[in-house]
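Chemist: Quick one: structure below, then a few questions.
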Amino acid sequence: MATLWRLSALCGSREGRALFLRTPVVRPALVSAFLQDRPAQGWCGTQHIHLSPSHCSGSKAASLHWTGERVVSVLLLGLIPAAYLNPCSAMDYSLVATLTLHSHWGIGQVVTDYVHGDAVQKAAKTGLLVLSAFTFAGLCYFNYHDVGICKAVEALTF
């Protein structure tokens, strides 16, 4: 583990020089208290690091979600060239499902990170769910009633 140094400027100064602390290495207990928003003995700065919600801690849901996001991303890396080389309805619907899921998860992370307030965040996530459902339905409609995504992209490139 890399050595973490405390910034002595946070704790004050003496005679124009920074006051160096007796222990230059931050102990694991201080790091743990810092990450949990609890004051630690000997700490004099403010702490504003927020971890994930406590209802998700200790469960495998976050880990499985992260793994699912990576699987869909890697699947898209292979699916896009395969759809270009072999345009068919199976590829069209596979692209619809993976692109919609990939964009839903990505925009969901933006909502989680940048929308604050319980009511506003709930409304934004509901709007995202509606948008993703309409996107999925619209792309399925386009595949069924028109040429499909693969042929449409091919028509745009040539």
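The count begins at 1 with the first shown residue.
Every residue gets a Cβ built from N, Cα and C, even glycine.
Nobody curates TrEMBL annotations by hand; they come from automatic prediction.
Not my notes, these are from TrEMBL:
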- His102: heme b binding site (BINDING)
- Tyr114: ubiquinone binding site (BINDING)
Chemist: I'd like the number of other C-beta atoms within 10 A of the C-beta of Tyr114 (ubiquinone binding site), please.
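Modeler: Looking across every protein chain shown, the total is 9.
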Chemist: Can you grab the distance from the residue listed as 'ubiquinone binding site' over to the residue listed as 'heme b binding site'? Cα atoms, rounded to a whole Å.
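Modeler: Rounded to a whole number, the Cα-Cα distance is 19 Å.
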Chemist: Measure the Cβ-based neighbour count of the residue listed as 'heme b binding site', defined as the other Cβ atoms within 10 Å of its Cβ.
Modeler: 15
